[in-house]
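Novice: Below is one structure. I have some questions about it.
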Amino acid sequence: IFALVLGAYEQSHSRISSGTLLLFYLATVTLNLIRLRTWYLLGFHHTQTAGFFATVAFIGTMALLFVVELVPKPRSEYLLPDEDMGHNSPEEEANIFSRIFFTWMSPMLALGYQRVLTPDDMWDLPRDTQTAHVSDKFQHYWQGEQRKQKPSLIRACAVAFGAPFALAAVFKAGQDILAFVQPQLLKRLLIFVQSYYSDNPQPVANGYFIALTMFATALFQTTLLHQYFQMCTMVGVRLRAALVTAIYQKALRLSNVARQQFTIGEIVNHMSVDAQRLSDMTTYLHVAWSGLFQIAMCLYFLYDTLGWSSFAGVAIMIVTIPMNGFIATRMRALQKKQMINKDARIKLMDEILNGIKVIKLYAWEGAFLNRVNHVRNDRELVTIRDYAKVFAVQNFALTCTPFLVSIATFGTYALFDGESRGPLRADLIFVALTLLNLLRFPLMMVPMIMTSLVEAGVAFDRIRKFLVSEELDPNAVERLDYVDRRGKNTPSGSSDLVTVRDGTFTWLSEDETPTLRDIQLTCAPGELVSVVGRVGSGKSSLISALLGDMHKLSGSVAIRGQVAYVSQQPWIMNTTLRENILFGHRYDADFYQKTIEVCSLQQDIDMLTSGDLTEIGEKGINLSGGQKARVSLARAVYARADVYLLDDPLSAVDAHVGRHIFNHVLGPQGLLKSRARILVTHAVQYLHKADRIVMLRDGQIREQGPYQDLIARQDGLFNLIKEFGDLAGSNGQDGSLTDVSSTPIPSSSNSPRVEQIGDCEESGKLNKYIPLPRRHQSLRRASIASVGEINRRKLQSHQERGQIMTVEESAKGSVEWSVYKAYAQACSWSSIALYLGTLVASKLLNVGSNLWLKHWSNVNEFTPPGEVDNGYYLGVYGSLGLASSIFSVIMSIVVWVFCAIRAARATHDTMLNRVLRSPMSFFDTTPLGRILNRFSKDQNTIDVVLPRSFTGYFNTLTNLIVVMMVIISSTPTFMALFVPLTVLYIIIQRYYLTTSRELKRLDSTT
């Protein structure tokens, strides 16, 4: 009773059922039931009644405690206030049995069976699987590797994700051991059956015990196998997430030299193909040692069954090792060549998609179509065809080896051990066949795994080379905190926020010729520094040097506080106008409205269908150049940084709009007047309002100082202004070093609300919008909104958002037969018919060889020794096996060379033609990344994954049909179980497939 109370209390105060207690209760109940059965058979329930019934009560109590601990509590009872009951994964609270049998997935399976799943139905990932966690874990060990002379990506991945992967090896070893228990149980079952043909039959209970033991062994073996697959799959998921994140982060840090070495196509392939290949590899990597272990176990039990004759097969396996090594080497070379061709195609497609407007303007679709087809059809598919031929040779070796091993073993036994160990009987042949079938899998898989390891090695090497490539120097710019812009707790030393001393910079680290030389520059809080010069003088390079994007040859660069950067070519996200300005920061209505007004965006927003909730197309396709520039400037203003680096933001706007922006944002009375501002400009009419002017020529600062001082010198700046425009402010006319793009964009410069901004800033109200002191690692000043808040922020309906980009939708329900028909037509019906014919022939010949062995064993049992023509039976067996292998090779050639490549070519050609001939509206409303993903990851699925999947499906289906035909022909009563079992499995398959299919579709579109 006390145990019951404690158990109920413990269960009510814990989120997860204790696995230790559950196993203890289960083991206690099971072992005591065995003991109770023994006592009952011994009659203790009559002689020791009290002890017997006390044991019964104890077993009942343990069983009740097991049930109490097993029953899950309502999740609402233990959720924390900030937890979302609907999105937390049940896996985190699942007990040990729920994890073993995956019952925690039941709610998702039931929901998917009832209706079509959506992304909102997905649970949140457990923390140890979330990208942020696995990425940080990987980066910790990868950074340690980078400090070594030869960093190893494989070692970093092994240390980061090796623990669960090693535990999976334990489950795999247990599954392998149980796999060899079955042949021994089969041997006992055959001996039990044969005993009924003798005068001394075994008890029926023995047969039931053997049958139940075989079932329990198979059940336990399946459980271990799926736990192994689950662990390895999750390791693969984490590995892929970590590598993709690392590749993406590395792409943002590449130096200018490295950017010339790696194309966009290569980087896309690293993230989509290489990372996926490594993820897939984790599922079967353990087979590399498990296969060798299974081969050793097979040989041991074959020796126990057939004696020394079993070692005749060892010689066959040894002979095949060099051939498998040669095949693996050849496949590795072809794999490298294929990846190079794929990189070239993806790079070309990326260039085409980014320049599609120009291509359509000049009607160049045909020329670029031919270029892509040349890379695809004449290089990539040719390499895949060569790969398929080598794969066919490998397949021939894989199918022949087990057959040759079996014929060598049985032939040697019949010729040499038949007299000493007896003829080949059924219990020897079928146990040996079971062992040889077990041997078939590792013999086939080990070379394939070796090939996969070769491919994984190529992928690891490609990713490692990318991750160790040269980066921008993180110490090129010394970033310091700026504690208080009003002078409180200001760090000691210079009060300048930007300081460059003796700076010499170049774009390429290997280039000794500097782009900028002897740069001396400072910028204090509240100071506006204007940078001017002729085209090519180094103005934009100076901004890049301050950002750390150039290689520093000498000198020092220091920046205090946060930095906001406005580039010459604005970068616009494919989202709403508001989100483009907020850029992940929290929405502050007052300051947001003020930012809109000072950046002259209010009238533009008023004209948009849904205001600032209008969706901006990819690269801002529905904005003019001036509007993009003002959105980019508004984003920087809203960030509320300490230092502003502005690369000619006024060149894309009209003169009156530029005047408004300068007066209300950049100038002495502008919203940013208390900030340090470095403004690259060609608009000389505003130079007299700058605190200091820096004039560049040939990468050097030729003049620097206040406007009046430089004009009084009548040197470089004076001549520049005199050449390109009147002295600023002398007659009120605008002057510019270059022609200003004139774009008819409505301006809000006359808005009465804007005129009050200067007064607002006079009182220093900008600072009240600044929350807390920031960390110097971030470029943003405003408060950052949480990812969950952004994802779940429902401002208005899609209709009110003025959505432009189309939402990618996947098919609903089962895959239409028209899809299968289209793929079959792409493969050609004749090739499919030939494939199915060779597949059926191969399977029938394989079964025929086994039936022939059965016939041989029957002849041996009923024929006196010495009268059996073993050569005849071996010859027929060998002919059947050789014919099966030949048909198997023909099947492999047909499916890969004739079906798969033909379908891959047809689908790619059709997709390329449709895309290039699509109107511009398609590219304006479809993200280019989505299109590129179709040509990379999805095309790889058609090239490689689909042929393997269909081959596996038809191979399994044919095996099932042939085996069922043999079983039913020999045991007709099995039909009584076959029909209901078939119906049950079909129901389970449809129940599972409905949800599995929708999850796969969601994975493809996210």
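Each residue, glycine too, has its Cβ placed from N, Cα and C.
As the structure is a computational prediction, the values presented were derived from the model and not from experiment.
TrEMBL lists these features:
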- 21-40: transmembrane segment (TRANSMEM)
- 52-71: transmembrane segment (TRANSMEM)
- 153-171: transmembrane segment (TRANSMEM)
- 166-455: domain 'ABC transmembrane type-1' (DOMAIN)
- 208-229: transmembrane segment (TRANSMEM)
- 284-303: transmembrane segment (TRANSMEM)
- 309-329: transmembrane segment (TRANSMEM)
- 395-416: transmembrane segment (TRANSMEM)
- 428-454: transmembrane segment (TRANSMEM)
- 498-723: domain 'ABC transporter' (DOMAIN)
- 732-756: region 'Disordered' (REGION)
- 741-752: compositional bias 'Low complexity' (COMPBIAS)
- 832-852: transmembrane segment (TRANSMEM)
- 833-1006: domain 'ABC transmembrane type-1' (DOMAIN)
- 872-901: transmembrane segment (TRANSMEM)
- 950-968: transmembrane segment (TRANSMEM)
- 974-993: transmembrane segment (TRANSMEM)
Novice: Are there residues at least 6 beyond the ends of the transmembrane segment (284-303) whose Cβ is under 8 Å from a Cβ of it, and what are they?
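Specialist: Counting only partners 6 or more residues beyond its ends, the transmembrane segment (284-303) has Cβ contacts under 8 Å with 165, 168-169, 172-173, 176-177, 179-180, 183-184, 228, 232, 310-311, 313-314, 317, 409, 432, 435-436, 438-439, 441-443, 445-446, 449-450, 452-453, 456.
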Novice: Can you tell me the mean pLDDT for the domain 'ABC transporter' (498-723)?
Specialist: 90
Novice: Near the transmembrane segment (21-40), which residues from the same chain, at least 6 beyond its ends, have a CB less than 8 A from one of its CBs?
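Specialist: Contacts with the transmembrane segment (21-40): 7, 10, 48, 52, 55-56, 58-59, 62-63, 65-66, 69-70, 95-97.
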Novice: Before we move on, state whether the transmembrane segment (832-852) and the transmembrane segment (309-329) share at least 3 Cβ pairs under 8 Å, counting only pairs 6 or more apart in sequence.
Specialist: no
Novice: With Cβ-Cβ distances below 8 Å as the criterion, list the same-chain residues six or more beyond the ends of the transmembrane segment (872-901) that contact it, or say none.
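Specialist: Contacts of the transmembrane segment (872-901) (Cβ under 8 Å, skipping residues fewer than 6 from its ends): 381, 384-385, 388-389, 391-393, 395-396, 399-400, 403-404, 406-407, 410-411, 414, 827-828, 831-832, 834-835, 838-839, 841-843, 845-846, 848-849, 852-853, 856, 859, 943, 946-947, 950-951.
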Novice: Which range wins on Cβ pairs under 8 Å with the transmembrane segment (950-968): 208-229, 309-329, 974-993?
Specialist: 974-993
Novice: Taking residues 6+ outside the transmembrane segment (208-229), which of them lie with a CB under 8 Å of any CB in it?
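Specialist: Same-chain residues near the transmembrane segment (208-229) but 6 or more away: 100-102, 168, 171-172, 174-175, 178-179, 181-182, 185-186, 188-189, 192, 283, 286.
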